[in-house]
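I have placed the structure first, in the form of structure tokens, so that the comments after it can refer back to it.
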Amino acid sequence: MAWDLMFWILCFFIKIALVSSSFYQLLSLSDLESDHLNPFEASTRINSVVIPEFLLQGFLCALFLLTWHWFMFLLAVPLTVFHLMLYLNRKHLLDVTEIFRDLNNEKKYRFVKLGIYLLLFTLVLFRLIISAFNSLHDEVDEHVF
Amino acid sequence: MGTENPGRPNFPMRPSSTPFASALPTMTPFSSRGPMVGSEASNIRPIPPGAPPTMTPFSSAGSSPPTRFSDPSVPSPPITSVPSAGGPFQQYPTPPFPSTVQTTPTRAPPVGQPPFQPPANQISAPPVSFRPQSQVPPVPMVSAPQTVNFPPSSLNVPQPPSESLFSGPRPNFQPTLPPPDLSYSTTKSTFQPPFPAYPSKQPAVSQVPSPFPAQQGSFMPPPPASSSPFSSQQGSYVPPPPIAAPLGYQSRDQMQHPGSAPPIGGIQTLTEDFSSLSLASMPGSIEPGLDYRTLPRPLDGDVEPSSFVEMYPMNCDPRYLRLTTSAIPNSQSLVSRWHLPLGAVVCPLAEAPEGEEVPVINFASTGIIRCRRCRTYVNPYVTFTDAGRKWRCNICSLLNDVPGEYFANLDATGRRIDLDQRPELIKGSVEFVAPTEYMVRPPMPPLYFFLIDVSISAVRSGMIEVVAQTVRSCLDELPGFPRTQIGFITFDSTIHFYNMKSSLMQPQMMVVSDLDDIFVPLPDDLLVNLSESRNVVETFLDSLPSMFQDNVNVESAFGPALKAAFMVMSQLGGKLLIFQNTLPSLGVGRLKLRGDDLRVYGTDKEHILRLPEDPFYKQMAADLTKYQIGVNVYAFSDKYTDIASLGTLAKYTGGQVYYYPSFQSGIHGEKLRHELARDLTRETAWEAVMRIRCGKGIRFTSYHGNFMLRSTDLLALPAVDCDKAYAMQLSLEETLLTTQTVYFQVALLYTASCGERRIRVHTAAAAIVTDLGEMYRQADTGAIVSLFCRLAIEKTLTNKLDDARNSLQVRIVKALREYRNLYAVQHRLGARMIYPESLKFLCLYGLALSKSVPLKGGYADAQLDERCAAGFTMMALPVKKLLKLLYPSLIRIDESLLKPSAQADDFKNIMKRLPLVAESLDSRGLYIYDDGFRFIIWFGRMLSPDIAGNLLGPDFAAELSRVTLHQHDNEMSRRLMGMLKKLRESDPSYYQLSYLVRQGEQPREGLLLLVNLLEDQMGGTSGYVDWIMQIHRQVQQNA
């Protein structure tokens, strides 16, 4: 039982990292749009977190699979595949030179991604609470008996 | 309107109209017709004996009226006299438009009498006058729809001065109307041709009262009451102007206000006008033989739309800024019905002809006057109020304070009294000297850095020698002496640096062979001041060709060399000239041969071949831009060099790609020499940024050309010169624009070669319209084609060539269909194809575009490299050059060569362009085909051997591909060379190399010339006639 709890706690933190990375990218993009950031800096900032984000998301997905959490795995797998596809087509990084042309699409893409992350995040949170409750309950039970 | 008008009576926007309107609510009489009618006459008015002297001083205007009064007033009722008085005034204001003014005085005296009459007419039937006249003239003006523009424009022209003068001092003079007329007429003098019929019309004037007002009301939704006629005109709304009516403008009128129009115009004229509008070709009926000779062709080259400048005489010249239509739509719905691109093409540094240079203004202590809120620069369209203490920004209409040192009193009409000493307040294009606030660092010196490939193929082609010689010969002319800096790196499989320290006798070469970890062997002295190290540089250039003549290295460490150059230059920025002869093969950024897999062509993956292969190039381009380095790529190889990748460097740094396939110094040396020399010596703007501002409610949303965006609307241009143009598209942010005029301001902040930081500002105004027909009428084919071209080329980077061509065609079809629908209801168009006069060449250019190198055919029609190079070039071409490239000139010259005394003065006559069809070629003739990049000289099979012998010397019978043209010692040859020289001088941005070809010499003839006769059917492509039919059919399909 404690393992389960720890697993969900781990997922919880990974999710937080993913959500914040997504948020950070969006923020950089809107800074760029409002001219608080030049394209060189914006693209370096964003590009520097893209790969870690992909890895983390892939790792989480694998984790779900390995721990036999089918439902969560199925929710996470499309995004992972999408990431993989981007990576293989070498389209995962922002193109500095055309950044303004792609700006709207990139923002949209990241908004959607943020939405997915948030959804997964709430699910993870939910599972975390359940498992925390369960483990607590078990302990209580053990004490009782 | 709402926004602009209410606040300020003066109506800054269009100087001309507003003042009046505000002053005289009753304006109706204003009708201006009167003047129009008597256009000639009116001119005369002012002239009367006394007049001339008064002309000069502004202030005198006030006093002078009385004198004037007497003459004009005599014939007419007391009240009316006023107007006439106004007339004279007008003239003074004109100073800005000296030409018109001057003409009037001279003319006037003779005419004396007639002028008077018109006024009288007016007077008698004041309210009425407008319409009638316009309609009266019916017949004569049938001609061109374009003319429609004139009336409003001409009106406006005079007004600016007049209104300002008058409005202030004497509001009560409502009758002032005449002034407008007068001025109108005066200005008209210039436009005479269009209105020949006028004078005769006069009698008619009194006729029709009603129509006009009615129209007005309908046109000008917002403030009908005040100044109606005028304001509507301002809007550039064609309607009111008298002239317009005859021209077929009427048809529109009627459509909109069926009730009002009928009495006068008569339906016949209407239809006539219309048909003249619509160039009818009847594909249906004459299917087999739609006569190709009747199709419109731009044989006069690019004609800049005149309406724009005439309507707003203070606009910058169209060579700097061209709008795709100078009638900006007022609503989203209108935009969505305008299927052509809506935007502008800007060439900020276009070469001005002698005497029209952009004035340089130094505000020194005052600082540059700009709007506090939107940062607009002061320009001719700002208005001064509050006795000269405030000025209102024309773009955001904010009231700004006038700094103490810039203060000047206003004269009676609200104009600054120092206007004639303030070019920034009269000229659409000015250059401000920028103070230190506009610098992030001290202005950089002009800097040229050369990155030269010295591998075996470069040596063999002779490129190195030509480059070294050319650079050496240009050393004296490099701009920016004595601050100019220069440096060199050569590379093959290693990178060679040259220490050019001024104390050395000859340069020291340092070789770096570690390509993975590039370092710069010396901290400085790789980049030296030219004037100090002149000797070393010269020694280096002299010895460069011999240094590597035995080099057998075939590798090219281009990427590392580029990085090295970047490291050397990053302190200062500047211009990097890359001479590349082989495919980069070593180190970072190495490229592989691609494009030889035929299976890729025609599939969805094809476009990848036109994109840079390695992200290194894009990243590098971004870094170069960041450090203010502009790259020009010279590529020479006969084999694949991946221009798509190399060109990326030029594309994002505001540079240019020069491509000399299979370069041989013997053949192409001259071309390289000229183009390199021009690149080195033309005036260049360094570390520049450009922004275009426009009025509230619209926004530029996309930019097209060779540059990188620094922020959403800021173009970073490390090095920019007169041969580069940029295009942009705009969109409406608000669903409905309520103003009547919109302003555009292009500002280019740059460092001049002399070390001064400057801001070049071009300002232009355009009318906002509510009518689609007007947009079409004021369209500018050149700008539209330029935008189309850029959009299509961009599309080839993400789609198949086919898709790019189709989308082009679809847009043309949609536009024509929309235009057809405008008129289809009223007129039985039948099978006629109609299009606005202003767009008569659109179809042809569309065809030319889809047959141009970057877009044409498929795999076999153009080498991949050639395609990419042409694409990069066309993305930067100014409108004029682009149109010439799309529809080159074909000129027959044998007759003029034979003519005994063909002198320079009839050069123009000789240069008569022929349609690009095979029928134009007569086998007894000699022709020059000139697309701005090369000459192809075509020898007819039956050309008299005399001519051929004289021109080619002894080898006239040889195969022409081996023959080069040079001067022989006879008159004919000299004349031909003179002719070529003239042609080249008229278009110096590229050097046109002559290719000789004889009729029937296949496949050379086919490749060089026949393919380029774009009106002919060739292979799978359609000819001009088919194309028109095809478009016509599609237009009708869902019409």
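Cβ coordinates come from backbone N, Cα and C, glycine included.
As the structure is a computational prediction, the values presented were derived from the model and not from experiment.
Now, the feature entries from TrEMBL:
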COMPBIAS  B:46-55  compositional bias 'Pro residues'
COMPBIAS  B:58-67  compositional bias 'Polar residues'
COMPBIAS  B:107-118  compositional bias 'Pro residues'
COMPBIAS  B:147-165  compositional bias 'Polar residues'
COMPBIAS  B:183-192  compositional bias 'Polar residues'
COMPBIAS  B:203-216  compositional bias 'Polar residues'
COMPBIAS  B:227-236  compositional bias 'Low complexity'
DOMAIN    B:368-406  domain 'Zinc finger Sec23/Sec24-type'
DOMAIN    B:443-679  domain 'Sec23/Sec24 trunk'
DOMAIN    B:685-768  domain 'Sec23/Sec24 beta-sandwich'
DOMAIN    B:780-883  domain 'Sec23/Sec24 helical'
DOMAIN    B:912-978  domain 'Gelsolin-like'
REGION    B:1-260  region 'Disordered'
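Residues of the domain 'Zinc finger Sec23/Sec24-type' (B:368-406) grouped by DSSP class, helix first, strand second and coil last, total 6 helix, 11 strand, 22 coil. Residue counts of the domain 'Gelsolin-like' (B:912-978) by helix, strand and coil are 27 helix, 12 strand, 28 coil (DSSP-based). Comparison of B:368-406, B:443-679, B:780-883 by number of C-beta pairs under 8 angstroms to the domain 'Sec23/Sec24 beta-sandwich' (B:685-768) places B:443-679 first. On the 0 to 100 pLDDT scale, the model's mean across the domain 'Zinc finger Sec23/Sec24-type' (B:368-406) is 91.
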